[in-house]
Amino acid sequence: MTETILSGGQIEVGEHHTTTWFGMTVNTDTVLSTAIAAAIVIALAFFLRTKVNSTGVPCGMQLFWEAITVQMRTQIESAIGMRIAPFVLPLAVTIFVFILISNWLSVLPLQYTNADGHTTEVLSSAAADINYVLALAFFVFVCYHLAGIWRRGIVGHPVAVLKGHVAFLAPINLVEEITKPISLSLRLFGNIFAGGILVTLIALFPPYIMWAPNAIWKSFDLFVGAIQAFIFSILTILYFSQAMEVEDHHD
């Protein structure tokens with residue numbers, strides 16, 4: 001009998017490096033990726049602020065982010081109106097940049113081998129951790145409901161959410177509203193997590209051919225990370241639009 005070994009490695013999916021802070025279990029790899037992404041966003045904001053205030057020729061990075069800001073502004077103008085909700089623009093752009101950088105960190109070829117001989121990414125995508133995406137989605141959930149209360153009133157907003165466009169569908173509208181942060185987070189988590197699974201499977205290829213599919217997928221991963229960041233920010237704008245909609249109001 002001939003035995004064929006298809007894989008001598010071990011596939012580890014969804015594993016995180018954990019530690020205990022103040023009695024709570026913390027995924028340190030997610031915290032590290034999130035902190036680095038936040039630091040890059042803040043540094044990028046100060047850099048672009050300096051460029052905007054200067055009188056020199058705009059650099060390529062400035063033009064790139066200006067194009068993103070214009071795109072977000074157009075979406076907000078058509079969905080809500082900049083005069084009604086100007087605060088949504090910096091929020092949407094910040095969320096886009098933050099998620100984009102978080103996703104792109106995993107593309108960096110930084111790996112190490114642990115004591116068990118398993119090769120692990122130093123900077124994994126924070127969006128591959130369900131805690132990260134749920135926290136981000138619930139933050140958006142709270143923000144657009146606060147905006148809805150500011151726009152419609154503390155009584156008018158809950159009534160409008162339950163009533164929706166068809167009053168007798170109030171129970172369904174309530175379930176839909178509760179599931180919004182779940183669907184928003186799982187959409188991002190599923191795509192990024194699936195990418196991590198594929199990279200893990202590619203790592204099982206023989207070393208002499210592994211570089212080719214890995215390079216192709218890493219390139220595609222840049223595109224997927226950008227698309228998912230854009231979708232998350234666009235849905236954020238859409239949820240703000242729904243929460244701040246007022247009947248028979250003309251701007």
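Easy rule for this one: first residue shown is 1, then count along the chain.
Positions of Cβ are set from backbone N, Cα and C atoms, glycine also.
Positions annotated as transmembrane segment by Swiss-Prot: 28-48 (among others).
What Swiss-Prot lists as transmembrane segment is 84-104 (among others).
Counting residues 6+ beyond its ends, the transmembrane segment (130-150) has Cβ neighbours under 8 Å at 27, 30, 34, 85, 87-88, 91, 95, 99, 102, 157, 160-161, 180-182, 184-186, 188-189, 232, 236, 239-240, 242-244 in the same chain. The annotation transmembrane segment is assigned in Swiss-Prot to 130-150 (among others).
Among the features that Swiss-Prot reports, transmembrane segment is placed at 192-212 (among others).
The transmembrane segment annotation in Swiss-Prot covers 220-240 (among others) and rests on sequence analysis. Residues 72, 75-76, 79-80, 85, 88, 91-93, 95-97, 99-100, 103-104, 106-107, 125, 127, 136, 140-141, 143-144, 147, 180, 184, 187-188, 191-192, 195, 199 of the same chain, all 6+ positions outside the transmembrane segment (220-240), place their C-beta atoms under 8 angstroms from a C-beta of that stretch.
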